[in-house]
């Protein structure tokens, strides 16, 4: 909610600061249910996972004190110092995650492998970030990375690997958290067998994934109170255990106990670090979910609530274990005083579901971002909230996650084995984030190499030690995230490789504008009434499908618009900057270009108003071109003309066209208004099979304006008449094949991998919300 103008005035700085503080306090409260669900349930399984294997031979008070000291310093250095105080400052227009860091780097250097980027994209308001002047030493390193394509490809692979590990977390977290929360039943309720508990876990997991289609917003109001009650419970239990069992545990805050721990346990203690690192799983969510909150709100919630509650809980659990060494197999539930066991068990189960929900939602966001960067097949994306932007649901991914989560749960049946996999996946993501952050320090913050190197080496040393311990457990479950990541990596890289090859084919087989100009304004064929929207991935030039179409059919539409829908490396593109309009040929040809730009977190909404906004934008461009000479120079009239951003808000307030609306009962405006006898004859048959529905029909008229240039008036009238005649969507239906001379691996990737993914993902017409009745597909074979 925007504060009132009086609160923004310099005369009320105290009121302004109070408004900002209250807003951040509200966001901090909301963040408990979204950001901290996973991190807050770690006490369920940390000590149990740590004291397994050979560390069972070192179950004594000194080892317990050393384990707590390790947890305390790991929790302080990684979430508090690294994430809260450093990484949260590196957001991309308040968006976080590995893709946010990657997009920042791509905008400050030509690191991106997206092929259709333009200079006009750099004029977006969200494109600029940080200082623009490059230091000399930074420029040398930047040019070195830009020069070598292999390094840029390696950077993309690293980012994709991190994304795959996050998807792996979306599979492992629900299995780990729900199984851990339900494990108390097996020990406390002896009548239940392990198989019955496992069945109950599977039922909860199926219900959790089945409810995803409802959207997070419908149950979000329950999440924050659940996590807050859970944190208050574990804080109280931890404080009770410290006072009742062993107050001396406070001394274990000293790092001296870490040295004693490793002296006593040796190699066994190093291997046990795979369990210790589970105390920080969920930390990445603080950065990944930054877009829904602010950095200050996340910092407030962590420093004042999360950090003290979890530290006291780990300390209390250690105090209990130091006097009850036999309880290590079920340390959390055994440390709960018996009178409050069942209330805590219920809230633990609910907190585990909340933690799982947050990671599943984050997985949907990661898949959406991968798709926007051309690294994931087209999938159905459902926007689940009208009020909270960015909450999405992807049905295909949801059911794949459910099947894999159930397979992991039934396959491992043990929190220790799942924890080995879980820890390895999370530490891999942390190492990648540290690497990308060091590049941000150099390229974007423009700090010294020494500072970036110190940051990288210090945290890589800590993370490397933990990762090495996690790698020793690859045979005991650690292989799971590696296998899952390799599978998802193959899917992503093959799709990205095939998409780039297809784009390059289009780029090198563009229609020559000289050939087009030689045909004349009629294109050498009959120009029929109506508008033809030709979809292509090309941001410049005329696609090959156009020549393929005109050489095989004797007619084409009166007005042609070449449309390119593309993603740019920014989180969001404002509606005012979404449309980029230009002219392809001189005015008599009636051929235009429209580039529709989306950010990697934007949702393409099916609002049914695209045609009308396009017509208004083109009309605005025609008038602007007449009064601004740089758009109508002789040089630009013979080639691809200059393009201009057409704001939808300024278009709606423009007087160039008069817009009238009326409700009509029908199925498709383009059929109703079509003058084609064939379409009119088909209409009645189509109406019989299609349910009638009320639609808003928009009509355009040109106001009387004597001062308007006659040629401009004529062009606008042609545009209006073409719209009244109907709109057709023309799209290439391509078959991509590798050349016969291609290497075996390329044939395998293109002919089998890429072809399989294209056949089984959503069609481009469906993904772009194109009405089926108005679609014309042009078949072509691409030999790449």
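The backbone N, Cα and C atoms fix where each Cβ goes, glycine too.
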Of 41-62, 107-128, 129-150, 151-172, which span is tagged transmembrane segment by TrEMBL?
151-172
Transmembrane segment according to TrEMBL, located in which of 21-39, 173-191, 249-267, 477-495
477-495
Same-chain residues near the transmembrane segment (477-495), Cβ under 8 Å, at least 6 residues beyond its ends:
157, 160-161, 163-165, 167-168, 171-172, 274, 370, 374-377, 404, 408, 412, 416-425, 428, 470-471, 749, 753-754, 757
Do the transmembrane segment (424-444) and the transmembrane segment (270-288) share at least 3 Cβ pairs closer than 8 Å, excluding pairs fewer than 6 residues apart in sequence?
yes
Using a Cβ cut-off under 8 Å, which residues of the same chain at least 6 positions beyond either end of the transmembrane segment (270-288) come close to it?
34-42, 45-55, 67, 70-71, 74-75, 78-79, 83-84, 87-88, 96-98, 166, 169, 173, 262, 298, 302, 310, 314, 355, 358-359, 362, 365, 419-420, 422-424, 426-427, 429-430, 433, 465-466, 468-470, 472-473, 478
Out of 63-85, 151-172, 300-320, what stretch is closest in contact terms to the transmembrane segment (388-412), meaning most Cβ pairs under 8 angstroms?
151-172
Region pair the transmembrane segment (192-211) / the transmembrane segment (340-367), three or more CB pairs under 8 Å:
yes
So which of 63-85, 151-172, 300-320 has the most C-beta pairs under 8 Å when paired with the transmembrane segment (449-471)?
63-85
When you check the transmembrane segment (340-367) against the transmembrane segment (151-172), do you get at least 3 Cβ pairs under 8 Å, counting only pairs 6 or more apart in sequence?
yes
